[in-house]
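Report on the following structure.
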Ligand SMILES: NC(=O)C1=CN([C@@H]2O[C@H](COP(=O)(O)OP(=O)(O)OC[C@H]3O[C@@H](n4cnc5c(N)ncnc54)[C@H](OP(=O)(O)O)[C@@H]3O)[C@@H](O)[C@H]2O)[C@@H](O)CC1
Ligand SMILES: Nc1ncnc2c1ncn2[C@@H]1O[C@H](COP(=O)(O)OP(=O)(O)O)[C@@H](O)[C@H]1O
Ligand SMILES: [K+]
């Protein structure tokens, strides 16, 4: 399980540079800031490397400047340290740090591997893909080390997108300086950064994007009534199992009352779920006039035939808050933003990458693309995957990217849709549901089925009370 700071700010490279400038404006010198960065990294290297011989790789920019500082500090603490470099910093604090390193500087091509590797080649200034020979040597040195620590971000990851530009596999830990960067949570960064440790270097991030945090939940009020706890309606379609998973997840996600509205009398599932037979669009529209309904789920197992389209029409046209998942997202396709923008009630969308691409422009980073989708549709968008991004129309974004990869099994998305509805109906937020889903998966261990997740949701909720 990878360590990722919880509820931590995320800044793009340009925002990080602006934060750094504010810090300089407040009277902190560049050399002071770089020394804080070097010290934070050196401490982690000393802790993780346990005194074994270290090789520090230093690049031509400020990431390299940090690296020379790390080498100097480690040597000062008695560690056996070698340095290999690409280019040499030419100005500012980085050049001063390079000049202050009194040992040898070897070439990347010729240097021998050591048990501890510090990657200070490139950080947020990476401007293009690593040259193939550089990438190959970096991969060789990381593979041969028993512990490897990247300064700020692994060399070869694009800061703002997490795109792989030649980064090595097997980095043990990355020390993020001042704030997380999108690359720590998105795309290739999910597997390439290893554990992410956040170092406070006294820069004020002022971010509106953050990594997901454990929610705080409350038990129902002493006088709680089943309808105050949230009434959730799950609309069933041709594939009954999926909507049952969503309904059961809503029940165990804390909803006080769950109705499964199906075209035919449903079989199976807990008796606590209220079964309603609805014959077509008008019947659903009539059911959804009930103002006590806190959230409606449509999409899991809905199908994509004419009957499904009719039910979706009724759901979009209703005045209740709506969670749209699976087939319903595919039915909306490119028309999603336009169809949803005019809804008066809240809409929450839970697309995976394929569904997202059918509805919205997926260009740019996953955070930017998801925010644009939220802005254009007016919906809260939960863009799922190993890097789940939750974006609100107002510009807030939360990223979850330390979930169990065992979640990649059929039906877990249906469970999430039910859970999102339950938490929303109870007055909670979408990221609350994503955290609980991820925690339930962790509690379920390896090779679980989507059904097994549901029973773990109350345990996960118990950790938040
Ligand atoms: N912000 C903060 O608060 C703090 C930031 N700090 C540190 O600064 C780091 C950012 O430093 P930075 O801006 O100097 O960029 P950095 O990553 O060293 O690379 C730039 C150099 O690499 C070169 N280059 C780029 N890509 C290349 C490639 N593929 N292949 C070959 N060359 C390539 C590029 O050349 P150019 O593109 O200009 O031709 C330039 O020479 C940040 O990650 C953190 O470690 C801390 O010290 C203190 C607090
Ligand atoms: N490799 C992975 N690592 C972490 N979470 C994952 C991974 N793959 C899928 N998930 C999560 O599992 C769920 C799968 O949802 P979805 O793709 O809709 O599946 P289904 O339609 O079968 O229910 C989402 O919450 C997604 O974020
Ligand atoms: K680096």
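Backbone N, Cα and C define each Cβ position, glycine as well.
Just so you know, TrEMBL annotations are computer predictions that nobody has curated.
Here TrEMBL flags 62, 63, 64, 65, 66, 152, 242, 301, 352, 414 as (6S)-NADPHX binding site. The 10 Å shell around the Cβ of residue 352 ((6S)-NADPHX binding site) contains 16 further Cβ atoms across the protein chains shown.
Around the Cβ of residue 119 (K(+) binding site), the number of neighbouring Cβ atoms within 10 Å comes to 30. Annotated K(+) binding site per TrEMBL: 63, 119, 155, in sequence order.
Neighbour density for residue 384 (AMP binding site): within 10 A of its CB lie 24 other CB atoms from the protein chains shown. The feature AMP binding site is assigned by TrEMBL to 384, 385, 386, 387, 388, 413.
Taken from TrEMBL, the feature domain 'YjeF N-terminal' applies to 16-209.
Here the domain 'YjeF C-terminal' (209-464) has a mean pLDDT of 96 out of 100. TrEMBL lists 209-464 with the feature domain 'YjeF C-terminal'.
Within 8 Å of the Cβ centroid of the K(+) site, not counting the listed residues 63, 119, 155, the chain contributes 57, 59, 64, 67, 120, 121, 122, 123, 150, 151, 152, 153, 154, 156. In sequence order, the binding-site residues near residue 388 (AMP binding site) (Cα within 10 Å of its Cα) amount to none of 62, 63, 64, 66, 242.
For ligand 1, the binding-site residues lying close by, meaning a CB under 6 A from one of its atoms, are 63, 66; the full candidate list was 63, 66, 386, 388. Highlighted here are the binding-site residues (63, 64, 242, 384, 413) whose C-beta falls below 6 Å from ligand 2: 384, 413, in sequence order. Selection of the binding-site residues 63, 155, 387 by a Cβ distance under 6 Å from ligand 3 yields, in sequence order, 63, 155. A 10 Å cutoff on Cβ-Cβ distances gives residue 242 ((6S)-NADPHX binding site) a total of 28 other Cβ atoms nearby, all chains included. Taking the centre of the Cβ atoms of 384, 385, 386, 387, 388, 413 as the AMP site, the nearby residues of that chain (Cβ within 8 Å, site residues left out) are 352, 353, 383, 400, 403. Taking Cβ-Cβ distances under 8 Å and a sequence separation of 6 or more, the neighbours of residue 387 (AMP binding site) in its chain are 162, 185, 186, 187, 190, 366, 399, 400, 401.
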